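Annotated in TrEMBL:
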- 12-32: transmembrane segment (TRANSMEM)
- 25-219: domain 'GH16' (DOMAIN)
- GLU105: active site, nucleophile (ACT_SITE)
- GLU109: active site, proton donor (ACT_SITE)
- ASN113: N-linked glycosylation site (CARBOHYD)
Amino acid sequence: MASNSTHNEFHVFMLIAIMVSSMVATCAGSFYQDFDLTWGDNRAKIFNGGQLLSLSLDKVSGSGFKSKREYLFGRIDMQLKLVAGNSAGTVTAYYLSSQGPTHDEIDFEFLGNTSGDPYILHTNIFTQGKGNREQQFYLWFDPTRNFHTYSIIWKPQHIILLVDNMPIRVFKNVESIGVPFPKNQPMRIYSSLWNADDWATRGGLVKTDWSKAPFTAYYRNFKATQFSTKSSLSSNSDAEWQINELDAYGRRRLRWVQKYFMIYNYCNDLKRFPQGVPVECSH
């Protein structure tokens, strides 16, 4: 009897595991398995058995990588340690994007600065080829001293950007008032380290100091949790799909970040939008 009971329990366990895995696919493999080094020759490197990736920039070229697979809804986590010291003029970009003139895109861009001055985290969201939805933040820590986790939660209802699991930005699906939302185009993960000293630091006033090159950023602990659209619509959808909604505590943390660390919000830029800010700003 004990043998049959154990046998039955095993089958029940396997059935549950199969059902869950059919709704949520979590990937936490190696950089060798998950990414292609796309440009920069040997300036992009994978080492530590595929657990660590670095991008470098010198006066000749920057470097970059992209994911082998595409994603449609889910959560993307990556730990980054940014260029240390005088990083003025450099940009480390980490983003999701589809291709083509009507592409969708969800951006983290880290704008370097002179030693001792804070990085600026520049975020943007493109829908059907149109961006102009910039929000910028200072960080509440030095992103060059240790690794920190930068996450994108992408669901049919909203997009949430997080830093160390702290929500910093929410972009809601308000298609009901005519604002396109990324929901049909699968996106790949991209990252690059490049020279943008014509605009990145103080509007281009501070140039890259090439005597400090090469500039290097590091990546580790990539994780992708992809949700099927079917599970998102099911009344019995899996718990993983339902978590990460902003509860009262999450909304308080979001307000804290936006009150004390947001330095630019397109929704408040009346000079830029003299005829009125974009309609999604009121939701």
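Cβ atoms here come from the backbone N, Cα and C positions, even for glycine.
The structure displayed is predicted, hence computed values, not measured ones.
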Other C-beta atoms that fall within 10 angstroms of the C-beta of GLU105 (active site, nucleophile): 18
Separation of alpha carbons, ASN113 (N-linked glycosylation site) and the residue listed as 'active site, nucleophile' (Å): 25
